[in-house]
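S.K.: My questions all concern the structure below.
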C-alpha cells in the first residue's frame with residue numbers, strides 16, 4: 001500500500017486552497033466569511049453547502065457531509081486518500097513527488113465499492129488499448145485516415161483518447177482475461193456481451209471509440225461510431241450499468257469543468273464530434289448529452305457549476321426543437337440564463353467548423369447569440385400563418401407572455417418595440433395588454449414551488465433529534481441549541497483544537513460519557529488519536545477517522561463559533577450541564593416507568609421507582625450531580 005510522508009501531506013494541505021479546489025465542482029458564491037453553493041452530494045434547489053477558506057473545510061447543512069479538501073475528493077471522486085492527496089497537489093500545481101501504485105488496491109473497500117473500482121479500471125485499460133490500436137496498428141489505419149480526413153488532429157485524438165475497436169469478437173475479452181479480470185464483471189460493466197452459448201465476447205467491434213467519463217473524470221462507458229458501412233446503428237453506446245447512467249452523463253463535462261468555471265458559462269451541443277471540433281476551434285466549455293434529450297439530472301449538474309448556458313444544436317428542424325426543450329428545462333426548472341446559437345439550416349457545429357473554419361465559428365459564437373426570449377419569439381412563429389388574423393393575435397399574445405417574464409423594463413421595451421414595428425401597432429396598446437400578462441406571471445411565480453428531492457438521511461441519525469432542525473439549517477437558527485448539545489459541541493471542539501484542553505477535559509469528565517452516541521464515538525477516536533502521539537490538528541484528526549459520518553461531524557464542529565477564552569471554569573460548567581441533562585433524562589424514564597406500574601397496580605415497583613425519583617430530585621436541587 002502506497003504511503004506519503006507526513007510532511008508532504010502537510011505541505012499539500014497547507015498550500016492548497018479548498019475554495020479553489022471545490023470551485024471546480026461547485027459554483028461557489030461569497031457569503032460573509034464563507035462561500036456557499038448547491039451541494040454536490042444531494043439534490044437541492046437552495047444552497048446549503050458551505051466552504052470555509054479560513055478553516056479550509058466544507059460542510060453541507062442539508063445532508064451533513066463534511067470534511068477537508070482531501071475528504072471532499074475522496075467522497076466526490078471515489079478516490080483513496082493517497083489518490084486524493086496527489087489530485088489536490090496536481091490541481092494546485094504543487095511540485096511534490098507522489099507515486100501511485102500501478103494497480104489500485106481495492107482489498108479494503110466494501111464489495112460494492114471494490115467492484116465499482118474494478119469496473120472503472122477495466123474501462124481505463126480498455127480505452128488505452130483502443131487508442132493504441134487506432135494510432136499504432138494496421139487494423140486502426142482506416143479509422144485513423146477517416147478521422148484525419150474529417151479534420152481531426154492527432155492532438156485531439158490523444159486528448160479525447162479516441163480509439164478503435166477492431167472487428168474481432170475477443171480483442172477485449174482476451175485482453176482483460178490475461179490480466180486476471182472477471183469477465184462476468186466486465187459484462188456487467190458493459191464492455192462484453194454474453195452469447196446464447198454463454199461465451200463472453202466484445203460488445204464493440206469495427207467502430208471508432210469515444211471514451212465517456214463521469215463527472216469525476218473516470219472513464220465509465222464508451223460510444224462506438226460506424227465509419228465505413230451501414231449495417232448497424234451509427235452510434236452504439238454502452239448499456240446502463242452500475243457505473244454509467246445516460247441521464248446523469250454529459251460528454252466532456254469533467255474535462256470542460258475548468259473552462260466552464262473560468263468563463264462562467266457552458267455550451268451545450270448534440271454530438272461528440274461537435275464537442276471535439278469546438279475544442280479544437282478554441283471553445284473549451286462544450287459538452288454533449290449521450291444521444292438523449294437534456295434531462296433534469298443534466299440540468300442539475302450544470303446548475304451546480306454555472307448560471308449561464310449557450311445552446312448550440314444542429315441547425316435543422318430537429319435541432320431547433322431540441323434547443324427549445326433544453327432551454328425550457330434550464331430556464332423554468334433551474335433559472336439559468338440561456339442563449340441560443342442558431343447555425344445555418346442543415347449544419348451542425350462540426351459541419352460548420354469544417355466548412356467555414358474555426359475563426360468564423362468563434363466569431364458567430366461570440367457575436368450572434370440569441371437571448372432566450374428572442375429565440376422563443378422566433379420559435380413561436382412556427383407553423384403559424386401570420387397573415388391570418390387569428391394566428392396573428394395568438395402569436396402576439398404568446399409573445400407578450402414571454403416578454404412579461406423579463407425582469408428588466410428596458411428588455412421589455414425593446415421587444416415591445418419590435419412587435420409594434422412588425423405589426424404596425426402602438427407601444428401603448430401592447431403595454432396595456434402586457435400589464436395583464438405581468439399580473440398573471442406574478443401570480444404564477446407566487447404559486448410556483450419547487451419540491452427538493454429527499455436527501456440521504458444516513459448522517460442525520462448521528463445528530464441529536466431535538467437539535468437537527470437548527471444544526472442543519474443554512475439560515476441562522478431562530479432559537480438557541482439546547483444547553484447539553486452546546487456543551488457537547490464546545491467540549492469536543494476544544495479537545496480537537498488543543499491537546500492541553502483535551503487532557504484537562506478528559507480529567508474533568510472522568511467516567512462521565514457524552515449523552516449522544518456520535519459524540520462519545522468521536523471522543524473515543526480522539527483518545528486514540530492523541531495516544532498515538534499526534535498534535536492537536538482537526539485536519540489530521542479528520543484524515544485519521546475512517547468513517548465519513550464522523551468526518552461530517554468534525555466539519556460541523558469546526559463551523560461552530562466558540563467563546564474567545566475558555567478554561568477550566570467554562571469546561572466544568574459544560575460538564576455540569578451535560579450531567580444535569582443526563583439526570584433529567586433518567587428522571588423522565590423513571591416517571592414513565594412509574595406511570596406504567598401505577599396502571600398495573602404494581603405497588604412494590606411503584607414505591608421503588610418513587611424513591612429513585614426522590615433521590616434524583618435531591619441531586620438536581622442540590623447541584624451535586626455525580
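Every residue number used here counts from 1 along the chain in the order it is shown.
Note that Cβ sites are derived from N, Cα and C of the backbone, with glycine treated the same way.
Taken from Swiss-Prot, the feature Mg(2+) 1 binding site applies to 270, 314. Summarising the annotation, Swiss-Prot assigns Mg(2+) 2 binding site to 314, 316. Feature annotation from Swiss-Prot assigns domain 'Toprim' to 264-346. Annotation source Swiss-Prot lists zinc finger at 39-63.
What's the neighbourhood like for these features in this structure?
M.R.: Annotation for residue 314 (Mg(2+) 1 binding site): same-chain Cβ neighbours under 8 Å, separated by at least 6 residues, are 270, 322, 343, 347, 348.
Counting Cβ atoms from all protein chains shown, residue 316 (Mg(2+) 2 binding site) has 15 others lying within 10 Å of its own Cβ.
Taking H, G and I as helix, E and B as strand and the rest as coil, DSSP gives the domain 'Toprim' (264-346) the counts 33 helix, 16 strand, 34 coil.
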S.K.: Taking the Cβ of residue 270 (Mg(2+) 1 binding site) as the centre, count every other Cβ atom within 10 Å, in any protein chain shown.
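M.R.: So the Cβ neighbour count for residue 270 (Mg(2+) 1 binding site) comes to 23.
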S.K.: Mind checking how the zinc finger (39-63) divides into helix, strand and coil residues in DSSP?
M.R.: 0 helix, 8 strand, 17 coil
S.K.: Calculate the per-residue pLDDT averaged over the zinc finger (39-63) and state the result as an integer.
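M.R.: Result for the zinc finger (39-63): average pLDDT 90.
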